[in-house]
Structure formats: structure tokens, C-alpha cells
Amino acid sequence: MFGLFGKKEETTKKQACDLPFLCWQCEMSAPGGCGSHGESKGVCGKTATKSRLQDLMIYGLKGLSAYREHANELVQEVGDEEARKTLKEVDDVNSETLYFTLTNVNFNFDEHIAQLMKVGQAGVKVMNLLSDMHTKALGIPTPVEVTQNKAEGKGILVSGHNLDMLEKLLKRIEERGLSDKINVYTHSEMLPAHGYPHLRKFKNLKGNIGKAWFDQTDVFSKWQGTCVVNTNCIVPPEKSPKVKNYIDRLYTYKITGVEGAKKIENDNFDPLIDHTLSLPDITGFDSDEKIVTGHHYKTVLEAFGPKVLDAIKEGKLKRVWVIAGCDAPGRKRNYYRELALAVPKDHIIITSSCGKFRFNDVDFGTVPGTDIPRYIDLGQCNDSNGAVHIAMTVAQALGIEDINELPVSIALMWMEQKAIIILLALLSLGVKDIYIGPNAPQFANEDIVNFLVENFNLGVISGDIHKDFGKELAS
Ligand code: SF4
Ligand code: SF4
């Protein structure tokens, strides 16, 4: 689709890691691990490429497991028989894939790829399941403008992806008659919470504070109230001395943990609530900024679906950009802001995950001659499935069989293993021409890169938006 295969391949191969593999999972291991002294295969005969593909499976399963856990919590509360069946299918892929990576099980390259696609398919299923469970439990999100960096009164700042925990906390504050005494704010991946009707109805769910996960050391240090991290992307004390400024006000939930922080046990939010009441009111957060969220794919299709189709047919809407994924420290991700700002006015941007904080302060307005917003925030990283639903619906309505034929450009940021399951999910659906970045995954060697480039035209961003997307930006 891009016609940039050569350039993409060159940049991507240049960034591939040439280090040997490392496997030390069985007794036959070479001293220090097979591959640790530059061997190209292990004692069992497993090659470096197959070992790395098995590593990739494990990383995909880690992301899958995170979504599976959140889906499971909701399936137990609002799920039906169909939901439980899907959960079982996901769990079966998890077990089968772990089995696949045992010593002396499989030495066939194509079957490694097929297993990776199975993991990707499980990713599609679990994201759809989680999305459905969220909308069943909390209603379908609608677009909403949220205050940014404005806070008052006693405050709890909640960061992470667990919306179910947020609802339980808000309910408990209400049960105790404290809704006018304690305000709750979102941070990072909790921002999309504001779009859900059953969360928005709590008037003490006020606004958003800070940006992506890694600013938590600065934001939590400045915050006078309590803070909760309910999923991954926590900065530990080992990483930053600033954590000591708030560790006594930091709470973790379920699987998350940090030494020195307090744990919310058995959904008992009272210690957190009591602690918050004992702390001073929040000061120093008085910005007038606003940001927008809440464009769940179900809302987008319902509210804008026919308008989008008309706009495409009339030539008012020329291209859709998916600029999404994980944020992380460093200037290399400025690329994604530069790209979002360079997107022509008759194109729209679909985003999700915390990478959106790189550009969600910008008012992108509407597509000229329409009321279609140019900026669509699907939600958290697990809501990335929405982009596929939108693409498939549009393709079907336009009579296009292959979604790769749609005028869509995709630039993803990756950081950790949830991004890997999202990428595997997209590949398993046959989505091609994806750019990832800002860095190439170090677990991929030349063989794996060649395979991804040749079969999916996957590329790593070059750092120059015009080199990667010049044609699309000019279209
Ligand atoms: S599974 Fe194979 S490559 Fe891994 S440690 Fe055992 S012998 Fe080495
Ligand atoms: S999008 Fe990725 S980096 Fe950001 S909070 Fe979620 S898991 Fe972490």
C-alpha cells in the first residue's frame, strides 16, 4: 500500500538485533545458557530464530494474560455462557502455547508462525471480550471533555487500566456518604473512564491529572492526596528517588505491588478512603486545559458511521490514520506528535492507549464540510480492537474485501507486552503495512525481521515522518 517497501525494509533490517539467543530452560543447557557464547543453536538443536520466536510467543502471552485477567473479573460479574466459552478458548491457547515452548516439542518454523497467529487470534478474542464486558458493566462510552490538571478538595488519583476497581471505589465512597468530601481523578490509562456512563454519573469523578504513566513520579510527588496504581506501568522506588516522596500515600491493587506501598486487600477501600480524609486538600492543580476522550468504536459506528461513509464517497474524508500505542520516556516519540500535526485536514486520526498523551492537547477540529471529529480516542490499549471494527465496517459498506485496500496508515508506539499482543492480533487478522517504533524489538533477529517485512510489510519508523509517510501526508 505504501509503495515504500525498499526504504522500510532497509530501515527495519538496520535496527534488528544481532545478539545471540539465550535459552537456559533445561538441564541440557550449555554453561551460562545456550546461545550465550554465540552459538547459533542450542544443545537440543533449537535454532536461535526458533528460540526467539518462542520468546515472542511468551511476550504475547504476557500481554494476553493481562487482558484475560481484566476480562475474567468482569465475566464473573456480568458475563454469560458465551463469554465464559470465549475465556476458556483464550485460556486453552495460553496453555497450548506454553506447552509449545517446552524442550524438544517443535522445531518447525512454519508451525512457530502458525502458533504465533493463534496467540494473535486469542488476542483478538480477549480484546473483543473485554470491550464487550466493559460496555455491559459500565455502558457504552460517549465523547466527553475532561478537565486536565485541575483539582480541589481531598483527592484520590487513580492510574492504570482497571475500570472495575474504579467503579468499586466510587461506589464505596458514595455508600459512606463521602461523595462531596472526596474527589477522584484519573491518571494515564484511566483517562477513558470519563466516557463510560456508569462511571461519569459519579459527580466526584472529576478530571484527569498528568499524562502517560512515566510522569507519575512528578505528578504523585506534587499530589497531596492518595494515589492508586491498579495495573502495570508503575515506577518502582528502585527506578526513581522521587517515589519516596509519596510511597506512604501510594496504594496498589491485586497483582500490582511496590515495596513500601499499601495494598488494597479484598476490595476493602476503607483504609484508602480514611487515609485520604486525613490528608490536606489538593492545591497547585489549577489549569484551564481540557482534553477529549470517549470515542468507543460502538459510539463511533453508531454516531458517525453513515457520515464517515458519505464523507469518503464525497471525497471529503480522504484517509484514516491510526497513531496509537504505548508512551515511554524519550524524545524519539516526538515523531508521533509531529506526524499527528502533519496529518492533512481532510484526514482523521484514531488513537488509543497512553501514547495519545503525545498529542491529545491539540484541538484537531472536524473534517471540513462535516461534523466528523478529526481526533478519535478509542480508549485504553485494550480498546485498540475498535480500529479493526471500524475498518471492517467501512470496508464492508464500501464493498472492499481486503481492509489493506482502505486508505489507512498505521503508526504504532510499542513499549511492553500488551503492545505485542495487539501487534500479533493485527497480524493474525492480516493487517499489513504497519509501522512500529520508535525502536525495533530486540528479540527479533534478521530472519524474523525478513519474515515480517516480506509477509506483512511491517516496518520500524525511520525518525523522519516524510521518509516514512511522505506520499500519504501529501494525499
Ligand atoms: S531447550 Fe534446548 S536451547 Fe534451551 S536450554 Fe535446553 S538444550 Fe538449550
Ligand atoms: S498503553 Fe502501554 S505503556 Fe501505556 S499504560 Fe497502557 S500498558 Fe502501559
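Cβ from N, Cα, C; glycine included.
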TrEMBL annotation, hybrid [4Fe-2O-2S] cluster site containing HIS161, GLU189, CYS233, CYS326, CYS381, GLU416, LYS418 - matching residue among CYS227, CYS354: CYS354
Sparsest Cβ surroundings (other CB atoms within 10 Å) among the binding-site residues HIS161, LYS418: HIS161
Binding-site residues near ligand 2 among CYS23, CYS34, CYS44, CYS354 (Cβ under 6 Å): CYS354
Among GLU189, GLU416 [binding-site residues], residue with fewest other Cβ within 10 Å: GLU416
Binding-site residues: CYS34, CYS44, CYS381 - member with fewest neighbouring CB atoms within 10 Å: CYS44
Secondary structure at CYS23 ([4Fe-4S] cluster binding site), reduced by DSSP to three states: strand
Sparsest-packed of the listed binding-site residues (CYS26, CYS354) - C-beta count within 10 angstroms: CYS26
